[in-house]
Amino acid sequence: MASPRLETFCCPNRDPATQLVLDYQPTVFGSLCIGSGLVSLILTIIQLLPKTNQGYRKHGRSTLPKPSSSRILLLVVVCDLLGCLGVILRSTIWISSPSLISNMSLQNTTDVWPTAFCVGSAMWIQLFYSASFWWLFCYAVDAYLVIKRSAGISTIVLYHMMTWGLAILLCVEGVAMLYYPSVSNCEEGLEHAVPHYITTYAPLLLVMIANPILFRRTVLAVATLLKGRQGIYTENERRLGTEIQIRFFKIMLVFMICWLSNIINESLLFYLEMQPNINEDHLKNVRNAALITWFIMGILNPMQGFLFTLAFYGWTGWSIRLRSQQKEIPWEPVSSSSAVESARNGMIGSFLNYPGYIQDPNKSEMGNSNQTDEALSMLSEGNGSISQRITRNSPIYQGW
């Protein structure tokens, strides 16, 4: 799982609350992390591999650039996969080498490898999950800017700079404050650990608070765009707006499910740390709740990548295309009208799903509606039902 407690494990002078979760069934906890991580890793890869029945996804998407929203969603999943790999590796080493933790508890030990592995694996996990949080925030910002027609493909460079820059900066700063003056002699007390917890949970809380606000404003802007397409707000437009709203709701639901237990667990452990003796009888329920949420974190945190693919793309199926198959198109006698119709239908998907296409000067009156379809298609990237409804309702489609 991804918790700032991972870094505090590396300090020999751990606080009692950290020692509580570290000593409670470490083998069972590590096994749960490995199992959950492997399931998420395998299913996520299956979700992302090309399929033989992709339908609309294979249509006209081999050469055209993808919108920034689509790239951001993929980067969110990739960061989750890398963080999940760190969880699997850390748990595997700790289960296979129980002496690793005991060696880290010795302040005067000369073996630096246990501490180096502890610090390195903890920073790896924190860095990529923190980057995943920042990418989710960028997705909410990008969705709003796309609807407001203020963003494009070039904006992805700024998102890269912000995401990786802030993730690395906060990770290094938090760990440096935690391990002052040295890893082998961390300062005791809550004061030195507070900056580390703030830098860890700041992007998580930002997504929890800011993303629903941005998604709400985007949905309202979508409704305005749909009303302005043809001057009326039909049942199709209402359903389209509802599906986009449901898409945002799924993203936030997955995020809350995977990370709300972290907030609860950290609050309980901080409460225990402020007590003179955490082993008192009246704190038994608090200790049990902290341990239960600790195990829930170990199961849900690694599952975020797979659950996000379900929220982004839905279940894509098991029919994996192992190698590209090129079929020869037989020559058949067709009429000129059917040939023109086929060519036009083939261009519709590309025009509606990607920015930068060239419009016919004779159809410039459709420009505003085309931009609306383009923006909505970028938001619905990966959702077949929404994209198909946009195409059916498009004035381009109706005009052919």
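Quick reminder: no glycine exception, Cβ is built from N, Cα and C everywhere.
Residues or ranges marked as domain 'G-protein coupled receptors family 2 profile 2' in TrEMBL: 26-316.
Look at TrEMBL and you will find 28-50 (among others) tagged as transmembrane segment.
Positions annotated as transmembrane segment by TrEMBL: 71-93 (among others). Beyond the transmembrane segment (71-93), the same-chain residues lying 6 or more positions past its ends with a Cβ under 8 Å from any Cβ of the stretch are 1-2, 6, 30-31, 33-34, 37-38, 40-41, 44-45, 48, 100, 117, 121-122, 124-125, 128-129, 131-132, 135-136, 138-139, 142, 156, 159, 163, 301-302, 304-305, 308-309, 312, 381-382.
Long-range neighbours of the transmembrane segment (113-137) within the same chain, counting only residues 6 or more positions beyond its ends whose Cβ lies under 8 Å from a Cβ of the stretch, are 2, 4, 6-7, 9-10, 72, 75-76, 79-80, 82-83, 86-87, 89-90, 93, 100-101, 103-104, 159, 162-164, 166-168, 170-171, 174-175, 179, 183-184, 200, 203-204, 206-207, 210-211, 251, 255, 301, 304. The annotation transmembrane segment is assigned in TrEMBL to 113-137 (among others).
Annotation comment: TrEMBL describes 157-180 (among others) as transmembrane segment. Cβ atoms under 8 Å from those of the transmembrane segment (157-180) belong to residues 4, 7-8, 10-11, 68, 72, 75, 119, 122-123, 126-127, 130-131, 134-135, 138, 142, 186-187, 192-193, 195-200, 202-203 of the same chain, restricted to positions at least 6 beyond its ends.
Positions annotated as transmembrane segment by TrEMBL: 200-226 (among others). Within the chain carrying the transmembrane segment (200-226), a Cβ under 8 angstroms from the stretch's Cβ atoms is held by residues 4, 126, 130, 133-134, 136-137, 140-141, 143-144, 147-148, 166-167, 170, 174, 233, 237-238, 240-241, 244-245, 248, 251-252, 255-256, 259, 262-263, 266, 372, 375-376, 379, all 6 or more beyond its ends.
Look at TrEMBL and you will find 247-272 (among others) tagged as transmembrane segment. Long-range neighbours of the transmembrane segment (247-272) within the same chain, counting only residues 6 or more positions beyond its ends whose Cβ lies under 8 Å from a Cβ of the stretch, are 1-5, 16-18, 20-21, 136, 139, 143, 190, 197, 201, 204, 207-208, 211-212, 215, 218-219, 278, 283, 286-287, 289-290, 293-294, 296-297, 300-301, 303-304, 307-308, 310-312, 379-380, 383, 386.
Annotation source TrEMBL lists transmembrane segment at 292-315 (among others).
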For the domain 'G-protein coupled receptors family 2 profile 2' (26-316), mean pLDDT (0 to 100): 83
Long-range environment of the transmembrane segment (28-50) - Cβ separation under 8 angstroms, sequence gap at least 6: 1, 74, 77, 80-81, 84-85, 87-88, 90-92, 94-95, 294-295, 298-306, 309-310, 313, 315-316, 318, 320-321
